[in-house]
Amino acid sequence: MLLVATFFLMGITQTHAENPALQSVLSQKGLQKVSHWATDWLQGDLSTIMLPEVKGSVSIFLGTIYYSLHDMTIVRCDLPEPAVSFSEGTGLSLQLQGLSIAITGKWNTDFGIIHDGGWFDLAVYTINLNALLEFQSTEEHFSITTAMCNADVGHVQINFHGGASQVSHNDILLLFIQICPQFQKGIENIDKYLAANDVIQVDSYVYLNLSLTDSPVVFDNGFKLNVKGEFYSVKSPSEPPFSPHYFKLPWQEDYMLSVGVSEFCINSAAYAYLKSGVLSINITDGMIPKTSPIHLNTSQFGSLVPQLPKKYPNMEMEVVLYATDTPLISFNQTVINVELSAAAKFSAIKSPTHLIPLFSLDMQYSFCAKVYTDGQLLKGALEMKNLTMQLGSTEIDKFDIAPFENLMKTVMNSFVLPKINAQLKEGLPLPSVKGFSLNKSMMTIENGFLFLAADITSPFQSLK
Ligand SMILES: *[C@@H]1O[C@H](CO)[C@@H](O)[C@H](O)[C@H]1NC(C)=O
Ligand SMILES: *[C@@H]1O[C@H](CO)[C@@H](O)[C@H](O)[C@H]1NC(C)=O
Ligand SMILES: *[C@@H]1O[C@H](CO)[C@@H](O)[C@H](O)[C@H]1NC(C)=O
Ligand SMILES: *[C@@H]1O[C@H](CO)[C@@H](O)[C@H](O)[C@H]1NC(C)=O
Ligand SMILES: *[C@@H]1O[C@H](CO)[C@@H](O)[C@H](O)[C@H]1NC(C)=O
Ligand SMILES: *[C@@H]1O[C@H](CO)[C@@H](O)[C@H](O)[C@H]1NC(C)=O
């Protein structure tokens, strides 16, 4: 019985395995582009790289020669574009054909008490490399390892200059030209970088957890990452009272990148900001435009709250406006719904340090929005569906809040929303990450998630 119960519980925890709030697929088209950028970048950057010192020893019949090759720089490199393709179920295969490289550097040898040194130049022609990289999830982060590597070298030329003695070139060369170990080291560095970057610090209040919820999935035409995609408050990280739902990403082969962002991802951001205490603003009369018909002044508020100017004539007021609950966003076929609960606390300012509490209002807003991308811009329209208001508390007797509600509706519909919509019609620039920006893109609102398919422009591309 216990066994059955345990098994059943295990089943439950299994099905409660975390659903990814972010899903992304890099297509074959995307892979080709990434490989192209990497080749360009390497080709341009190799000449500035100082190669690490190579040390070793060679046994000859008289004893052992210890040598070091150092201060090496790449003076020329012909890097052909590799052929890359996804290897279903594993990762990616990479074939590089005809890499040639020329290096200069200094050499030193120690053979017993004989020390010698000079400089050298080295040219390696027609390196062919054939490698298979494996994509995995290691401790919940995306990791790349070298599963297989073969390399051969067509032709090598080395000239040692200076020094009295000459070393046995071929032995040193065999040790030095270790293409696969060097390649493997490069992949290890990329892997270390990935392991150290599974969190994005958005600002000083929230961060985004990018750990994987399961292993990367490699198809023959793309590869998919399922990412936790949950925002946390830096100050007080905690789980929100809602959880991610499963969604199926309808990825597009003819775009480089497809991304699905679930409601949970967005709502966890709202929750994290709420927890960080930043969804709050103090509004003073100084912040209201001079031309506004309404000012934060007890005399002027007489039309809304008749008893107010009688009790506190002619005083400036302050409003603390804050979210009382997590703003909830939902994606529902073509529209985004936003539910907002807020409170406004009104006080009269007797002196900068002495505020007299007056009353507070509880408000529920409901908005709906349509958004789309147009090139590099995010465009759309926002509409208020509903606004309700209640008197939360009052220190100055009860009053009818209908005039307040009507005023708020007028302010929203005649001032706030037209301003936001004018901006949304013109478009907001989509963020570009480290110089990478969207070129062609398509965005749709699906049931429970937002879908974006895009081609990316690299910052290196514009240099050409
Ligand atoms: C991110 O989420 C994973 C999985 O829930 C967790 O193990 C890891 O500690 C989290 N990292 C941070 C920095 O919150
Ligand atoms: C806003 O007002 C509240 C209450 O009046 C006060 O505690 C808080 O410090 C104010 N915040 C700012 C940024 O002025
Ligand atoms: C409040 O408004 C009245 C009339 O609109 C104005 O005369 C008065 O100076 C204002 N008081 C403050 C404190 O701003
Ligand atoms: C989603 O939209 C459909 C029609 O477009 C509507 O019938 C349904 O009630 C909406 N669901 C939610 C949760 O808003
Ligand atoms: C607005 O919200 C209130 C309460 O939240 C609800 O009773 C009312 O039916 C809503 N009105 C519309 C038009 O959705
Ligand atoms: C978008 O990509 C096309 C084709 O690759 C290119 O001609 C165009 O300049 C790119 N546009 C931007 C804004 O980068």
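Including glycine, each Cβ sits where the backbone N, Cα and C put it.
In TrEMBL, annotation is done automatically, which means it is predicted and not curated.
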Candidate cysteine (Cys77, Cys180) that TrEMBL pairs with Cys149 in a disulfide: Cys180
Cys149, Cys180 as disulfide-bonded residues, winner by CB count within 10 A: Cys149
For the domain 'Lipid-binding serum glycoprotein N-terminal' (26-236), the mean pLDDT of the predicted model: 87
